[in-house]
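Peer 1: First, the structure itself, so that you have it in front of you.
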């Protein structure tokens, strides 16, 4: 590649000059190439340690002038071919021009200008739009690709110098972190270490420090432990590795590949060694942290942040912290965690202005909102730029009229009375009146969609005034007054100052009249509801009358959702719950519906309208409890792992006992999935939900630890899991809320488990207080760190479970051992994942649907199958292997979706590796019949397909069933049963004789098993093979034998067999001609070709004049092997051949004995045909090479090359089998056992090294 000219002071220290002229020098790196010796080792080590560019470009061209001592590098190359091309260009285009100059400075200036011009032209043509990676980074990426054989699609994120500990010896080298792989390379004094690990294989990633490994990063996979140390910035490296491993886990979980963010703004001053991908990942990490901290929608992007102070009017202080600006929000977080947090939606902002600076308030900024609140920020470093950014975002904010109608009233502090609060559904369409047909079934009209406009609790408790509740009512009034005072001091709505006082009020309990509003604010659901007016109503309308698996599951669980609560004992609450769950299933089909969602949603509906409950559910499922509610409840399993880890840390004695009893995994899943709603009385659990919406998952973990802590002694005395579950169940049943104004609702679990001596009641507020006192040291970032660690374990455990499930689903008669099947699965999965990494447009294979059964989740397409087939098949056919692989793929692809799953893949492999000679030959035979054979491979294959599909429909089912390469066994048996049933008219009578009751499923299973066995045993149902298909089979056999040690013996044997089969086909043609003369109403022959033959003209005579013989193609004859011709000719002349099944039916036709004279007469053309088939090289057997039998000059078929092919000629599988059995060398070849384990190991090595084709020369210093 051309380089911008740079000075080189020492031109010959580590370089050898190979070519020179008066103006340029071509040099090679010392030690590169052959015979580097000690110098090569030293230079190679130096290049690796110093990360020299000479490692990837060992050739260079320098510009020099005669009197100057300064050299200028103008080009470098990774191979001699590349550098020679540049050298020749310089000689041809510059040498004559440079000789004209008199001044050497002018020469150098001209050369530099010319080179800069070439580089600019190349960049204009070749550089992709938006490529902003620095030159040094591109060089590192080139080294990585060359060293590890990575394709262009693999992007380098960053690279670091570090040590890799191999045993007790550290190897200094370079760690390359790509989107999909971790790579390491070291070369020290001839010792080379090259390592590639896929991120999806990582099972553990942690940063630790021990005496042996000071500040190291540990990377575990299923079969190795790797340690890296001596990083310049270990924190940054580990954070990036975490992020990349997380992306890989996400890919395994829901098949979301990494997509570069094209909208990421370019930096004003590009960093020297930071790639665009690294900036992208850094921005993602910041965005995720920003959204999680302030509970913002998933599409919110952080624009920037700056240090500042915020004036807080409630305590008259300037609180230091950080201001965060994004496209829709201005947020503030104090340095002290609980001091203050603020969220200002730009839709609420009315005025942003610079205030007058003073010594007390330097660079202040005032922001006013529609709710008459003013926020004063100060100590802003770049106030003018900040104001401009906010102004830009305000211009893009939706119209102010929409904003005021949505959020203006709720953010007001002028009327703190809760009764006058407008409900959030004012943001969308007017709510339906209570008299709307809510109690009717879901078959209502789409013009008037009924939705509940208020919480169900208000509907069912509106007749019980608070004054009648005595002390509880007074307590509730006090709570409401406390919150109203808080709203007056700290603001109300989204712009409220959130402080330690807010948390204190939440822990004391949210009054029921404010619960729905505060849940919406604290969870961030209010923001999404306001910005998507009418979205829920639209979803409800779209989902009306639509049925799916999710809607069926929802209907099944509707009546199990809080059945003890009066709101869900009638159709009013149930219909509302149905609509919310169905709408969410339509919004997020990847989740659809998951158990426990109904319990949580029913509680949300008690305190808010349907639309509010819907958006709270969105916040819960997609942000606050990520991956909880999917088919594999991964998120809950991850937090369960965190809970176990915390139990080990804070309750070590109990942890051992619980592990021994296996209790934690049983209890904690329901606690986390339902937020204690399913295990605790409703009025108590809802207080935990209050805290959860304010604090997040931290509260659930704290309460769970407090529950265990309160029952330590009793749990330690338990002898089994059931006893421990009873202890915890009775404790939770008696957690009460004495302040609740709701009528007590008996807990269903409590009704079932209450005993004679109920335990002491526990107040929920006492439980919460204890949980905060003992376990409040949990931090959100610590929980996220633990989540990452547990996510690796959980997802890899689920992948192992999937592997075992898939292997168990493979039938026992497939022939492979469990270990072999597991190895094959890993190879198959790796090939699928490779398509996700670099698959381009293979969209069908790339996107995996995790909701499918395990067997269907990983699938590969034809090109991927071709690669696996080439490396795993025992039938290596050289250049013909891809053709055979394509046929095998078409044979296995039953549903014609151009993808095959693991079961189909293993079935194909089994056909080649296991079974006797007959089974293997059957597999090979089918590869040369439709649908495996396609017209592009053989001209007459299309005719053959019509021949077998139209004229012999009765043969279709045996073709698709034998060898179990086609339909699943149940479908085969059902199809066979239907066919037999249609032919047996007396079946109903027979059933009536047996009895009037229909047979049970076991009867059909027995029938299917019998039919399957029968089909496996028969070989007579296979369709016949015509002449051109037979020629293709001979080609395949020839190529298959070309790499065998017994090559010549196999050639001779297959030539003999082919000549025999050609004569059998000719004799069969004579019998076919005789059958055509029979009357049409004669007995029906079992020959599938009879219908065709009756309609065709009489077949020409077998014996033809020698002058009418077709001439062989000259090209093929010139390249035929002479030795093969001699063997074949002798074999044809000396053989007495017994032919069975002359009619081609395999039905036991009379045997015929052919004399030598008949053989010579009949085989005048066959001898040439067999010689061509048996002795031509693979590359000679093209589609233009015509191989014909004795009657090949029949005018009924014409090949593409102008020769002729006899379509009347055909043979059966039995004839091929019988002929091959006459040659022991062929029998031995097909019965030879091949160990697939060795081929799997080789394939894994290939995938680990990624030895893709590369134009670069191999390194010459790898001694």
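Glycine is no exception: its Cβ is also placed from the backbone N, Cα and C atoms.
Okay, so Swiss-Prot annotates it like this:
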DOMAIN    288-356  domain 'GRAM 2'
MOD_RES   397  phosphothreonine
REGION    397-449  region 'Disordered'
MOD_RES   412  phosphoserine
COMPBIAS  422-447  compositional bias 'Low complexity'
MOD_RES   433  phosphoserine
MOD_RES   436  phosphoserine
MOD_RES   464  phosphoserine
DOMAIN    509-696  domain 'Rab-GAP TBC'
SITE      556  site 'Arginine finger'
SITE      595  site 'Glutamine finger'
TRANSMEM  669-689  transmembrane segment
REGION    977-1002  region 'Disordered'
COMPBIAS  987-1002  compositional bias 'Basic and acidic residues'
REGION    1075-1126  region 'Disordered'
REGION    1139-1159  region 'Disordered'
MOD_RES   1254  phosphoserine
Peer 1: Please report the number of other Cβ atoms within 10 Å of the Cβ of residue 556 (site 'Arginine finger').
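Peer 2: By my count, 12.
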Peer 1: Could you measure between residue 595 (site 'Glutamine finger') and residue 556 (site 'Arginine finger') for me? Cα positions, answer in whole angstrom.
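Peer 2: If we compare the Cα positions of residue 595 (site 'Glutamine finger') and residue 556 (site 'Arginine finger'), the gap is 10 Å.
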Peer 1: Measuring Cα to Cα, how far is residue 397 (phosphothreonine) from residue 556 (site 'Arginine finger') in Å?
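Peer 2: Distance (Cα to Cα, whole Å): 43 Å.
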Peer 1: Translate the DSSP assignment of residue 556 (site 'Arginine finger') into the three-state scheme.
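Peer 2: The three-state answer is helix.
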Peer 1: Please work out the number of neighbouring Cβ atoms within 10 Å of the Cβ of residue 595 (site 'Glutamine finger'), leaving out its own Cβ.
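Peer 2: Taking all protein chains shown, residue 595 (site 'Glutamine finger') has 14 Cβ neighbours within 10 Å.
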Peer 1: Please report the DSSP secondary structure of residue 595 (site 'Glutamine finger'), reduced to three states.
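Peer 2: Looking at the DSSP assignment, residue 595 (site 'Glutamine finger') belongs to neither helix nor strand, so coil.
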Peer 1: Ten-angstrom check, please: count other Cβ atoms within 10 Å of the Cβ of residue 397 (phosphothreonine), all chains counted.
Peer 2: 16
Peer 1: What counts of helix, strand and coil residues does DSSP assign across the domain 'GRAM 2' (288-356)?
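Peer 2: Helix, strand and coil residues of the domain 'GRAM 2' (288-356) number 10 helix, 38 strand, 21 coil.
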